[in-house]
Amino acid sequence: MVFSSLPFLYYFLPAALILYFAVPGFLKNGALLLISLAFYGWGEPKYVLLMVFTILSGYFFGLIIEKYRGRQASRLFLLFSVIVHAGILLYFKYADFFIENFNAVTGLSMPLLRLSLPVGISFYTFQVLSYTIDVYRGDTCAQKNPVALAAYVSMFPQLIAGPIVRYSTIAEQLKSRRHTLEKLASGIRRFVLGLGKKILLANTLGELCSLFRESGDSSVLFVWIYAVSFTLQIYFDFSGYSDMAIGLGRIFGFEFPENFNYPYLSASISEFWRRWHISLGTWFRDYIYIPLGGNRVSFAKWLRNLLVVWFLTGFWHGASWNFIVWGLYFAALLMIEKLWNTHRYPKFPKAVCHILVLFFVMIGFVIFDAASLPEAFRLIGAMFGSGSLPIWSAEALYYMKSYLFLFLIAAIGATPLPARLAAKLRSTKRGQWSFPFLEPLFLGILLLVMTGYLVDGSFNPFLYFRF
């Protein structure tokens, strides 16, 4: 079940809110846990027990790591925790990838396990890992209440696609949190706007990407239209989900970290990754990159650290060479960027930097989305005219004209301009008295329009749902 579905919007969420706000404060974590397990069980009933095991093992590892903190036993139990939780992730997500590549190298034919991927396993596994590591480091105390920890790990707003929330971020909120009308209204607003990003922008752009995949690359122009479409689609799909997750968290009294900060405004690749999927980037920075020495080491060791982090970042996204190459591609760009800055080569104007970043990010997302690595290289070649493709075709011109207005809306929506305009209007005298009435009306109409889209349309994927 995804947030942009009628069953969630009109059955599950209302029932969840009634249950949550009907119970007294000391039972709210328990209610949230039941709601979250029901949400997960709706789509993945056979993997609910796997999540329960992950929660219980994280709970006991946290307690025992804290008990022996400062002693060798604490490090040993942390190692066990990493082996257990990372091992579960490796088994369910990567077993067939390893078997396929082992067979390819050895010529053997070991049978594939063909396991279905537990939804959200990459996200909740990283949360449990960060919890036990933080307890070991002394950055947080072990949670003594298993229900509270279970509510943290399984919390349905960010369960299946993030953001990856550190335990220390919401530890105090698990103890007590305030529920106000202002917070509720803010959460609803953030959720509905995120839903709008997903349904009105990401889904429509995704339909164009699907048309390209079905018809093939009839011209160089059509490949570029696809690349632009997917670059915008994945942003609105994932940032829309993050907005919905943050909004839902706020409705239930929690403040989750921001996961996107207008990444397509970046003037460098490093800036892009400080703005894109922030919770994942900071996770790898704090738990892999810095422990390896970060950038305060020799160039050779820094390069090793960079390659390790970006290999893992790519591999985290999926069991495919596409994702590994995608991660290493960004490692190469970051290395070039660092060398360029170190040697004080001439700097480009900021506008040129923005264009270059968008270009390289777009190439990266072609690798990310392609069905295979050879297909990715073929598409990138087609973007530059290889394969004797014509520059344009009637089909490409038709889609460019048909979707031009959507591209303009999406391009503006990927900047802070709409939010700044709304804030400016709200601050005027007329806005101060009209916004409290007009904003709920606008959100209500938007929700009705999106409901119509969901009733009439069947194209409603979530790109990060598979991770």
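Using the three backbone atoms N, Cα and C, a Cβ is placed for every residue, glycine included.
For reference, TrEMBL has these:
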TRANSMEM  7-27  transmembrane segment
TRANSMEM  47-65  transmembrane segment
TRANSMEM  77-95  transmembrane segment
TRANSMEM  115-136  transmembrane segment
TRANSMEM  220-236  transmembrane segment
TRANSMEM  307-336  transmembrane segment
TRANSMEM  348-368  transmembrane segment
TRANSMEM  403-423  transmembrane segment
TRANSMEM  435-455  transmembrane segment
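Outside the transmembrane segment (403-423), and at least 6 residues removed from its termini, the chain residues within Cβ reach (under 8 Å) are 197, 201, 204-205, 208, 225, 228-229, 232, 235-236, 262, 264-265.
The stretch in closest packing with the transmembrane segment (220-236), judged by the count of Cβ pairs under 8 Å and taken from 7-27, 47-65, 348-368, is 348-368. Panel annotation: around the transmembrane segment (7-27), residues 1, 34-35, 38-39, 42, 156, 176, 179, 251-252, 451, 454 of the same chain, lying at least six beyond its termini, place a Cβ under 8 Å from a Cβ of the stretch.
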